[in-house]
Every structure is written in C-alpha cells, then in structure tokens.
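Peer 1: Before I ask anything, let me first share the structure, which is written out below as structure tokens.
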Amino acid sequence: MKVLFIADPMASFKTYKDTTYAMMREMAKRGWRLFHTLSGELSVKNGLVVADASAFEFLGAQDDHDKNWFAAADKVQTALKAFDAVIMRTDPPFDMQYLYATQLLTLAEQQGAKVFNSGQAMRDFNEKLAILNFSRFTAPTLVTTRSADVRAFLKEHGDIIIKPLDGMGGMGIFRLTEKDPNIGSILETLMQLDSRTIMAQRYIPEIVHGDKRILIIGGEVVPYALARIPQNGETRGNLAAGGRGVAQELSERDREIAETLAPELKRRGILLAGLDVIGSNLTEVNVTSPTGFQEIMKQKGFDVAAMFADAVAEWSVR
C-alpha cells in the first residue's frame, strides 16, 4: 500500500510518545510505502488535488531525542488519488486554513482518494459541539457568545469550566467559581467582548482523578483508555498541559458511552476518534488527531497501531 500522511514536520515528532510516529512504524513493518506532506502543501492543479509529497524510509529512532529516524526523498507533486490511503494528522486549531484543507480533501475524495478521517467528517463534527448529539452522557452544558449567559450559568451551578470551540491541548480552558475575582477579565479575554462562541460546562470534580481518552477505530472500541492525570493545582489533564498518562481498562460506563457512539462515528466515515470522558460524562469527541497509541501499547501491551493499520487496509478498499 501507498500511504500519504498529512502531518506536522516529521523532525518535530516526539518519537517516544507520538501517535503518528507509531502509525508510521507499524505500516513500515508491513512493507507499506510511506509519504509525507504538510497541509499547506496541498493544492489544485488542472482540477486535481495534489500534494508536494516526499517518500521516506522509516529508520526508527535510536533514542527519545533522535531527529534522524527517517530518510526523506525530494518532494514530488502527486495527486492524492494516486495513494491507497491519505491520513490527515495535522493538529488543531481548526482555523480557516484547516477548513480550507478539509475542503480540498473532500474534493480529492470526489476524485477517488481515500481520506481518513474524511474532510466532511472533520468539518461537520466539531470536537466540542459533537457531544451535544449525545446529551444523555454529558454534564450540563451551555454554548453561547454572550457573557451574561455564562454569568447566569455560573450562578446556577456555582463552579464551571469554560473553553473555546477551536482549541486543543487544554489551551484557553478556565475554571470559574462565583467568588473568582477575575470573572470579568477572563470572559472578556476568552469571549473577545461577546464576539466569540464558547462552551461552558458544570465543573466535574472527578477531574482530579484525570480525564480518560477512549479510542474508537473502524467502529471498534479499543479495550483500554488512557487516563490523563492533572498536575497538582491543575484542572486540565491534557498531556500537552503536563498531565500524566496512565492506561487502564474501560469501566462499564466508559464502554456504554463508547459502544453507543461507535456505530454513529462509523456511519459518518470517521475511522479514528478519541472520546474524552471525565467521571461518567462525555466531554469531547476528537476526530482530528487523537493520540495515546504508544502509552497504551507500553503500559498494557495492546497494539493500537496494528489495530489502526488493519482498519486502514480494510477501509481503503471499501
């Protein structure tokens, strides 16, 4: 198989924990031909969606800081439909450039490319707003552009979390209580004087035990979750915010949530998704670049990357 990864520069990968690296390593073991491009290197020429793609040989990292784990050839402009699979792994934020990239990916799919996750799925399934489709699994939630609404929500619940709809890695997330002296300045900053839509949720105290990332691949639930434990004094468990990842078996509630969402995600053409769960509450559905493969493999011995590669092979011929 020929597989194109649309991802951040490979020299920037933290190979000891990077999920895209784990995907590439597994596919290289299978003898698949691997290519890399940046989202900014997508374009349309003579009606075809093309990428400045470089074939690369997977050499493997010798230590955690090895930047020479690959050997890349010169870039060649290649139509996306020439690959057996195109894997979109560019991190958010989901800004206008990201939106344009998904639109080009949708056009490429119309031309015969197999893209995972599909451009339409990434556009339609906002990672924060997606939980509103499954409200029986969520804590009380507000979506608004009005700071007055947030103040009323805070008065009702006493302790809330507010966050932007386009962030990642815990960026822009604040915890507010009624006694917080900085409510006004936080709302002004995050909501940009009532011009930016945000989400507010009742604070879930179980966050002190971490939030859990539950992976769904090809409509099947990975049997282990990655609990992300916040640092002392933090309310964010995100690994990018300094959280510590601990792999653990799914609880009955975890499995109920995941098995309810899995068929809907599959129906929408979402090959890989990461559900974020705090306590018994679904808080996010990540469809852009879910992580956690390496931590689960190292701690539990379950080969998530192999499960993913199997799904790519199956879905690419559908």
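Glycine is treated like the rest: Cβ placed from N, Cα and C.
Just so it is clear, the model here is predicted, and its values are computed rather than measured.
Reproduced below are the annotations present in Swiss-Prot:
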DOMAIN    128-313  domain 'ATP-grasp'
BINDING   154-210  ATP binding site
BINDING   Glu284, Asn286  Mg(2+) binding site
Peer 1: Which of the binding-site residues Leu154, Ile162, Asp194, Arg202 has its Cα nearest to the Cα of Asn286 (Mg(2+) binding site)?
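Peer 2: When the Cα distances are compared, Ile162 comes out closest.
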Peer 1: Starting from each candidate's C-beta and looking 10 angstroms out, tell me which of the binding-site residues Glu178, Asp194, Glu284 has the most other C-beta atoms.
Peer 2: Glu284
Peer 1: Using a 10 Å cut-off on Cβ-Cβ distances across all protein chains shown, tell me which of the binding-site residues (Leu154, Ile186) has the largest neighbour count.
Peer 2: Leu154
Peer 1: Just to be sure I understand the packing, how many Cβ atoms besides its own are within 10 Å of the Cβ of Asn286 (Mg(2+) binding site)?
Peer 2: 21
Peer 1: What is the separation, in Å, between the Cα atoms of Ile162 (ATP binding site) and Glu284 (Mg(2+) binding site)?
Peer 2: 13
Peer 1: Are there residues of the same chain, six or more positions away from Arg202 (ATP binding site), whose CB falls under 8 angstroms from its CB, and which are they?
Peer 2: Ala139, Pro140, Thr141, His157, Asp159, Ile160, Ile161
Peer 1: Taking the Cβ of Gly210 (ATP binding site) as the centre, how many other Cβ atoms fall within a 10 Å radius?
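Peer 2: The answer is 21 other Cβ atoms.
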